[in-house]
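Below you'll find the structure, written out as structure tokens, and then a few comments.
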């Protein structure tokens, strides 16, 4: 085993040699401490800037720039985490594939160079952010990582002026405040403050027409409450059992949430909107996210994807609109068609679809990796291994975002999850 830096082999009984060795150790220790302090300051600053999302040019943010400069520090830590290198490689390959896809699609589509850069900056920024969070975990406690990132996200809300016309809490402050509050609760290392925080957030969600957040808080609290109550093995049978139990718990909680909504416990407006969506498509998911049907129809028509910066043509638009009309959704209602197809690129309102359209098959593979990371942590929560409310919340949010939130909107929580959830490889596990 390597000796600690600063130690030398001095002759036994040599007072002068012993004093010199002691002075050398103190000097090296001071240098190491200063180096660690500088790294911690850089990590805190980078996490804050990543959450702030202050755009510099073409979708590149100040946090992305600093994260890129810190790659010499963050890249060596990837080997400590399960699957981190493979996920990073897949993301980089997806960007290259998206570039080649756009060239082949340019035969019958318009390709916008600026949109290409923005698409590369979005995915590249997420990958850089994940590297930074993984590195920050080696020098900062996880709760502080979440707090710094959450405070940056909170400071970014006033710049997003669109949230004030549609609900500043629901679409602006809710998620950053949740990250900050849960990070502080996790710092106590006790379960009851985390449950109390979730209870308070649940009450706010119930009064602000936030159905998805309300359900997410319920699922997070239920899993946190049940964590560690049962003993599970590590074999394949136990893994399937935990996955099955997770599905049952999620289905039961979502059914309970829908029942509460339909009985008016979350307000009359929420009840009316939910009834309308159920009557329209027979499913709360499809009624609330008809874009999923449009995504499915485009996937069947063009399975390889379209490429970065590609604009949908009239054929693509008609295919998606016809599919949505088939389930009773009017794509022109509320400007949905303009949002999806006339903004200069495909916007299919889910992480999975937004990874597929510009990055193709590798984008779908990347979406699968994201799902595995989130579900792996949720199943681990059932056995109570390294569970905290912050990462549970991020995992639950990401499972929903894979089907119901645009990639750009979900990027902050996705970055924080992918950096917080991967476990340390067994062969290189961190010392307690």
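The backbone N, Cα and C atoms fix where each Cβ goes, and this holds for glycine too.
TrEMBL: automatically predicted annotations, no manual curation.
According to TrEMBL, the region 'Disordered' annotation covers 1-26.
What TrEMBL records for 41-60 (among others) is transmembrane segment.
Here TrEMBL flags 80-101 (among others) as transmembrane segment.
Per TrEMBL, the feature transmembrane segment maps to 113-136 (among others).
The annotation transmembrane segment is assigned in TrEMBL to 142-164 (among others).
Residues 51, 141-144, 146-147, 149-151, 153-154, 156-157, 160, 162-164, 198, 200-201, 204-205, 208, 210, 213, 224-225, 227, 388-390, 393-394, 397, 412-413, 416 of the same chain lie 6 or more positions beyond the ends of the transmembrane segment (171-192) yet place their CB under 8 Å from a CB of it. The feature transmembrane segment is assigned by TrEMBL to 171-192 (among others).
Here TrEMBL flags 212-232 (among others) as transmembrane segment.
The transmembrane segment feature in TrEMBL is assigned to 244-266 (among others).
Within the same chain, residues 83, 86-87, 90-91, 93-95, 97-98, 101-102, 119, 123, 243, 246, 295, 298-299, 303-310, 345-346, 348, 394-396, 398-399, 402, 414, 417-418, 421-422 sit at least 6 positions outside the transmembrane segment (356-375) and bring their C-beta atoms closer than 8 Å to a C-beta of that stretch. Taken from TrEMBL, the feature transmembrane segment covers 356-375 (among others).
Among the features that TrEMBL reports, transmembrane segment is placed at 387-403 (among others). Within the chain, the transmembrane segment (387-403) has long-range Cβ neighbours (under 8 A, six or more residues past its boundaries) at 142-143, 146, 175, 178-179, 182-183, 185-186, 194-195, 197-198, 212, 216-217, 219-221, 223-224, 227-228, 285, 289, 292, 350-352, 367, 370-371, 373-375, 377-378, 380-381, 409-410, 413-414, 416-417, 420-421.
Same-chain neighbours of the transmembrane segment (113-136): 43, 46-47, 50, 58-61, 63-64, 67-68, 70-71, 73-75, 77-78, 80-81, 84, 87-88, 91-92, 94-95, 98-99, 102, 145, 149, 308-311, 344-345, 355, 358-359, 407-408, 411, 414-416, 418-420, 422, counting only residues six or more beyond its ends whose CB sits under 8 Å from a CB of the stretch.
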